[in-house]
Amino acid sequence: MRKKLFGQLQRIGKALMLPVAILPAAGLLLAIGTAMQGEALQHYLPFIQNGGVQTVAKLMTGAGGIIFDNLPMIFALGVAIGLAGGDGVAAIAAFVGYIIMNKTMGDFLQVTPKNIGDPASGYASILGIPTLQTGVFGGIIIGALAAWCYNKFYNINLPSYLGFFAGKRFVPIMMATTSFILAFPMALIWPTIQTGLNAFSTGLLDSNTGVAVFLFGFIKRLLIPFGLHHIFHAPFWFEFGSWKNAAGEIIHGDQRIFIEQIREGAHLTAGKFMQGEFPVMMFGLPAAALAIYHTAKPENKKVVAGLMGSAALTSFLTGITEPLEFSFLFVAPLLFFIHAVLDGLSFLTLYLLDLHLGYTFSGGFIDYFLLGILPNKTQWWLVIPVGLVYAVIYYFVFRFLIVKLKYKTPGREDKQSQAATASATELPYAVLEAMGGKANIKHLDACITRLRVEVNDKSKVDVPGLKDLGASGVLEVGNNMQAIFGPKSDQIKHEMQQIMNGQVVENPTTMEDDKDETVVVAEDKSATSELSHIVHAPLTGEVTPLSEVPDQVFSEKMMGDGIAIKPSQGEVRAPFNGKVQMIFPTKHAIGLVSDSGLELLIHIGLDTVKLNGEGFTLHVEEGQEVKQGDLLINFDLDYIRNHAKSDITPIIVTQGNITNLDFKQGEHGNISFGDQLFEAK
């Protein structure tokens, strides 16, 4: 139960990133528009006082502000899409539910425009509806409910005379009903909840703000490995605290208050729960990256320089720290704990210096410039000396502990990994043993990426042993184990089933010859990795980063690096000259190898293995040579959208030694057949 809840919280945390991703664009418009109307920038650029320029500045401020004014609705739509695998039907359901809930609450409580005029009432006008103000929390609740309706009813079957309303069309209907019902308990319970939240936040800030900001920074950083930090910081940024704007409206949340104060040009009081990240992300972590580079073995420094350099630059500019943090998190947990303490101390330091800095995305230089330097409303320059001190601390602490405790940070790994080896015929036996033996297997299945096993006793499963046998990851959901063996997962499942049925497994055709041992971790493909491989788009559609694919196996790159495409046409074409290496029996996935040796997996949609091949038409067979642009598979796009979790199609480089992918057209935007998708090295 606890692990199931943890998994759900992780999904919610990731779903919150979709609406949050909109904020930088809104913040950019708001920050530039506000700065152009301010005396500080006009002093240096007198020409912007021109009436036409000022009109544009006001329009930019309004365009950015409208996003922050409607954050609850945006969170409702974003959370619904994120938890429903990216399907737009969930967003429609969320919008329907959001307006129905607000309208019903307003009518039930008899809220009028006159009531809204009293800031203490807790009422507001939402999309023109006088109703109870539930804030971002209300949006998140509706988004989660819409996603539940989608996941529960998207493939529902109805009698033929109601067939038009079957499948995904049924989801908004159910959402209308459930949100109407939800409105009544929300109307009765939410005022008490809101009062409690306000009392908690006021007490927290009034009792000892210094301790509060330290604990916020410390805990938020510790939650990053679990993906729960988005849930933790949301109430601080969007609900805790209050401030009355010039129009008499009560604004809640540290980030929303900060943005509103920037927009109005008011005296800054917010930013306490954001500003501490600027010294860490712009100075501390890049210095840690330098320490990791300096402690790497000489023969590995060239590779480490590329990895750490790009991670440090990303942290400095954008405040995205995960690429750098995950490079030492698992091999040096003490360093990560110290990093979390320093993060908390950074929040405390800037609070004691009476700074008030905020951001729309993260604590990188871009937000620092737009919302700190340009508005010039606080002593933004104090971040620089604090950051330089942090850089020195991070560098010497990291360098000392890495050397002293012999941490295997990037570039310090042993030359030969202690990889387990198993011959091709031994592997299914070894996997079965690691799963606890035949008696422990309740249900055995597989798809193109993973072995899915429901076990009777999870304690009998040897997770490290599975990883030694080649699983790039092992996921646990209750008694359900998912071992990520990649394209050979189905073959392993088939052979395990034969063993459990008393049959002898001999010379699997999809694996290497028995005379060759399969070395799982240490594999010499240096010749292949030195080549440059051009991959063209196999589909027409919208490019999406793997990190946004709603499947942990792909988003965490357990299968390998790559990208995804949300198709607009139902065709898959060869992305290069090569050969068809493997076709999954249910036709939803195909493995290719290029003439230059690059191995590529194209997985059409998510959970499409459950369609059992329906909606797919093959035009090639295993072992067939293909030319770039040849038609490989036709698929019924409407059928997949109506019957599968998502139509988003991951395109994965399955060779672990190839990690340098250059996305020529970026990781977002539209792409067509034959356009260069990426270059792999």
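Cβ coordinates come from backbone N, Cα and C, glycine included.
Swiss-Prot assigns the feature transmembrane segment to residues 303-323, out of the candidate ranges 51-71, 303-323. Residues 213, 216-217, 233, 236-237, 240, 254-255, 258, 301, 304-305, 308-309, 311-313, 315-316, 319, 321, 324-325, 327-328, 335, 339, 342-344, 346-351, 355-359, 362-365, 368, 372, 383, 386-388, 390-396, 398-399, 402, 409-411 of the same chain lie 6+ residues outside the transmembrane segment (273-293) yet bring a C-beta within less than 8 angstroms of a C-beta in it. Nonlocal intrachain contacts for the transmembrane segment (383-403), taken as residues 6+ away from its ends with a CB within less than 8 angstroms of a stretch CB, comprise 275, 278-280, 282-288, 290-292, 294-295, 328, 332, 334-335, 338-339, 342, 346, 349-350, 353, 355, 357, 368, 372, 409, 412. Below 8 A, the CB atoms of the transmembrane segment (303-323) and the transmembrane segment (355-375) form 3+ pairs separated by six or more positions in the chain. Residue counts for the domain 'PTS EIIA type-1' (551-655) under DSSP, split into helix (H, G, I), strand (E, B) and coil, are 15 helix, 43 strand, 47 coil. With respect to Cβ pairs under 8 Å, the transmembrane segment (16-36) is most closely packed against 355-375, considering the stretches 73-93, 126-146, 355-375. Residues 20-21, 23-24, 26-28, 31-32, 34-35, 38, 40-41, 254-255, 258-259, 262, 268-272, 274-278, 280-282, 315-321, 382-383 of the same chain, all 6+ positions outside the transmembrane segment (355-375), place their C-beta atoms under 8 angstroms from a C-beta of that stretch.
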